[in-house]
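What follows is one structure encoded as structure tokens, with my remarks underneath.
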């Protein structure tokens, strides 16, 4: 049973130490009966400055700060299932999308442990993230009240936030200059706002400071870099012959990809909440992994599986983008994918060169590619005369139709 | 009613003047009652040397040569429908696939006009092209016998072909060196065979003479080239402000793309006839057009249309790849696509740089992108408070499930 | 630009003369500046008593009543496109769903003609109809304010409605007995509420007065009735050899189907607004038409078309159910369907017997069924030896996989 | 490595004791070096007379007869996965389709155990069964030669078969009267041929002897029969409160359904080998199980799962129909299905009445149906005001489009 506003005594807050979540603390206390606020910083690789974070949270009014290292959980339990499914949403590699259920689940766990009455997040009312957060909370903590200040308060802009912060003596190192709206984690960094809001304009990739995870193709080195990735059942486990843990592996590929101008995406996407928005994404390591994984699947999956998987990938992408992670369908799709990945084991070499990822060799102990059959010469498994029968039967509906159509009424 | 072998007196042959189709002429005469052979060269941009072609055909035994310029027909009636549908097959832009029905339809027309008994093509028995040719023939000329020498004769290799040619005094400028198997037309050039038959090997893009329509990313200029393409209802009609006919436009973009290392694809694909094969494709202009078209659709199509179109695109790609051009489903899909393209009008600028196509601006009079709604601030069309209701209803199945699950039997 | 509440002077109301819409008139005047209320009754076959309706509307406070006969428009422009697409939503034949855009479009037209400021409907806040109404209004009259009293007022039940009516001297022939919630039109009648809210209970089909459009299978005659329907390009045009207009045809089949216990559907469906609900539907004529149309398609559509159409049908069903009638995707799907229906012409005979519709013969000038090829004997179009080649190539991926798997690592 | 014809010494034959497989034995010995023939009768409920079968096989020339009881294997490992997936092919419940891989796998096992060189089946060259048999053999015994006499010998009709039998002194109780072509097993009985080859004719359901598993709706009793089926994770385990083994359960429901005229299907279907064919199917128990299972899913699956499962069901149906049982995609789909069936547990009551299956109550401990939310009144989980926000965001693309379209070029 959800609590009424007046009964909310203890709130768990998704906390980053940035402007938004810093002013939420005093706002919560003012508007929710001077409630206790427990700040939780779930680290999925945002690069949040953790030093002094606890002090800052408490100074702002929180009673406690949890810092949770979710990086491994995020990669292995959220990113890998998407990679295995080749899930994208309109070409977007889901960077923010699958981080939200990971963080929200951790929040729900702490809220339950702390006996909190509500969970609060700092997502705006126009974005997808509020949906992703709240759908996970509805699944994991159905009795918990959800507080979304941006949909409730009167603050309407960054300037008003700063005014509020100053009025409440919140010490923040910020300035009133506007900036891109960014979201960063281990998997990606997104840019929105300012000139990007005009799709008629080219992003300023070459402008110093715009890109953070790497450089533009033009700025990348003139010599290519080869990278060889090993997968076991669809999961990357080693790079250039060196086994790596999941976090280390993604960080390493981010570096390699970033240096070579890999993984930039500029799209006008369709948000769940109804509008189109334009974003630029940096996903250097992710782009490499998706590409390599797909190449490996071209030799380890049969045609029927490969084609139907495109349907599955699209649905998975939509579910994840829409925040429907903890749902029976997403789980069943993962069961499908896991089954199909049993033989997606092998090595893929890519040549990284100024934004390009060029296939430079793929091998697998489970390859379905048969050089003998593929070649144009004779072979023992393929009898060219069989093609006649195949074409006759495959084309039978066409031939029958053409034959019968000769006696159809003319004015069809 | 199809003719028996002994009743075949006149055969129309898809003729290129190359080794394969040159030896087919005497072989037909030897094996089919000294039949008349009418050679037809359908030009879809293969770059066949037309000078002297008639003489060569007649010297080899043909009674006549037709040379048909199908380039405009090919682009406007076969390529544009695929572009409008964003149709691909496993990332492949269908270059050979949609050329076959175009040529085969022309062959059928001539065969009917000439009163021929059979149509002959030089496709091998292990490839897709035989299917594409024959399915079109079954649709367009159901009573015509189809002769596919590669599935009938005893010649098993290039060397045996040359022996046969020499034994029949066919004057060919060829040598016994093996070479890649290539297919070229206005839209693309494909490479198969030799070292490409080993997917573990990187293609030798930088080797002189390998690429024909352009250069590799590494060989491309260090300075980018901008190109602006105008579309009307999904069809490209102008480049950089200059209106162009369809053939000229594709040729121009091939040149521009080729120079900048655009449009190389290296895949292991699943052939219709059952095996996996590895090919390298050059589609410089095509890659630019597909990319630009897709970018334009991101602002002119709504989400539901954009997502469902992915399903349509996959199906269209399969139908075209499989040779099912002249079928009711392909036609109905084109009706769907044409309807949806009514507002896909506008301009897309791409920056071509060493293999990259970078979005550099998109505009449309029919844009669905609304800058005001997209931005994070307040606006008149979007009330952030609406998001609460949206999330509650969108998430209702999740919330209900979580609530009900509290009383489920534990051992689910 | 939408009007603020205080600027709303004239409102167009979807009016039926029933309890809900009757009390809305005084409520609007009380709550919206004593605004003018124009009542509009769009007749899609609800069986609304039209005699005295104008008097009642005006007595209740309306300034005017429009009565629009939308029956032909509804059938030909909304139902036929769904029938041609075989569109269903979870087995439901969309009866209420496609009536809403038809009525809402008419409302928008009148609102524009009358220069109204707002459009009001009486749909509840828990159902799908509010969405269907409003999505059409957003498409057809984007500047019009929408008023949905059920989401605004404090009336929470039928009893409170009656109290309100009595307090405002609205003369209604109603009683406080609760009843099923019903929606009726030319195509169907739906039942919800009361004992139906328990899916564990069987509906009381045999109870007098429950079913309105026909009888239960048990109550139907012991002798079957044959009916033969003629379709032209997917549209029914004649029954038992008699040409009929669309309205007459549906009414006739409703009678025939209803008498024979045809077209009852009892489902727990997933509403767009998030919850599951249970309904019983009577669609006697519709069930006959869907069945007959589908049978005709089995002989007039080829396999590829028939199978892909299932995907199209599901998407069409979702769009219509969700109120997305006036959208580019729905229109493009209709373009697809229209194209495919070009040969769906012919006659289907069904034997109606106590709830069963039994195939009793189908013919078409465009049939793709070829008796000779279908039979097991020899024939000229099908060479049984071709099957060997077909199986070898169709099964090649399986054979190759099995061959290669012999050398796979054992612990796959 | 497959054997050449002259090296085939031992053949395993799928044997029924009927005309076809009886004459195959001497034919094999005559045409394959007087090879040893091992007959295998895999019992999936065909109702083959087993008494005297061994004697008959040996008399005809076989060296040995295996009789395998595959009924439990067939139901639990082939039928249940299809039921869980709701897999159909054009409404057909797959009766013959999933029996073939079951039998073929058993044949392959025995062939390997016996060290046979080849496997032989008696399927004709125009049907689907040859494909289903051989695809399984290719998967399970890739080195085994497959012999399909119908595609090899000169016998073209039943009369010629009988001549052959008489010439070889094969003692068969048969006559030269033609009859329907039937296939029977535990799940179904199919009828093809004779008057059924004309889709314009109604099947003679009421003619004595036509139906074998039950009666027509008209012949069924005038009083309904209620049946209550219990499912555990998608699998039926009890009927009317009595737990039953899988074979017993299907047999029991066949009897119940058959008596009440349930489960007749008459369709023109699209065979894999290219032609349309017309069949009548009796699947009384299967029809009950599919219906009951589907009803249970309406309350235990959420909307997203339920809708996407339709796509899965279609693909599963095609794979099974096409004989692609032992493929990675079929297995991955089963993994998907199994995951989703975790909560498909509960009881469904159906009222069987003269061909009708009428919902008479469904319950589940895992129900997602919430009576309170479903009802039209107020409730704690659903706030009607939320609908406003939902509609505004769900309809935002439509509203935006309509707003923007006001300034579009008019000649769209």
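For all residues, glycine too, the Cβ spot is worked out from N, Cα and C.
Automatic, uncurated: that is what TrEMBL annotation is.
When A:197, A:269 are compared with the L-citrulline site residues A:92, A:97, A:128, A:132, A:181, A:190, A:281 in TrEMBL, the one appearing in that site is A:269.
Together with A:14, A:15, A:16, A:17, A:18, A:19, A:20, A:21, A:22, the ATP site in TrEMBL holds one more listed residue from A:122, A:125, A:127, A:193, which is A:122. Residue with the densest Cβ environment among the binding-site residues A:92, A:281: A:281, by other Cβ atoms within 10 Å. If you check the binding-site residues A:16, A:20, A:22, A:129 against residue A:97 (L-citrulline binding site), the ones with a Cα inside 10 Å of its Cα are A:129. Each residue in A:24 lies on the same chain as A:14, A:15, A:16, A:17, A:18, A:19, A:20, A:21, A:22, A:122 and has a C-beta within 8 Å of the C-beta centroid of that ATP site, without being one of the site residues. Non-local contacts of residue A:190 (L-citrulline binding site) by the CB criterion (under 8 A, 6+ apart in sequence, same chain) comprise A:95, A:96, A:182, A:183, A:184, A:279, A:280, A:281, A:282. Between the CA atoms of residue A:14 (ATP binding site) and residue A:92 (L-citrulline binding site) there is a gap of 25 Å, rounded to the nearest whole number. Residue A:124 (L-aspartate binding site) falls within neither a helix nor a strand when secondary structure is assigned with DSSP, and so counts as coil. Cα separation, residue A:132 (L-citrulline binding site) to residue A:20 (ATP binding site), rounded: 18 Å. Counting only same-chain residues at least 6 apart in sequence, those with a Cβ under 8 Å from the Cβ of residue A:22 (ATP binding site) are A:56, A:60, A:165, A:170, A:172. Proximity to chain B, taken as a Cβ less than 8 Å from one of its Cβ atoms, holds for A:181 among the binding-site residues A:16, A:22, A:181.
Across A:14, A:15, A:16, A:17, A:18, A:19, A:20, A:21, A:22, A:122, which the record gives as binding ATP, the greatest C-alpha separation is 13 Å. Taking the C-alpha positions, the distance from residue A:181 (L-citrulline binding site) to residue A:124 (L-aspartate binding site) comes to 12 Å. Residue A:22 (ATP binding site) falls within a helix when secondary structure is assigned with DSSP.
Among the binding-site residues listed (A:16, A:18, A:20, A:92, A:269), A:20 has its Cα nearest to the Cα of residue A:124 (L-aspartate binding site). The closest partner of residue A:92 (L-citrulline binding site) among the binding-site residues, by CA position, is A:129; the full candidate set was A:16, A:18, A:20, A:129.
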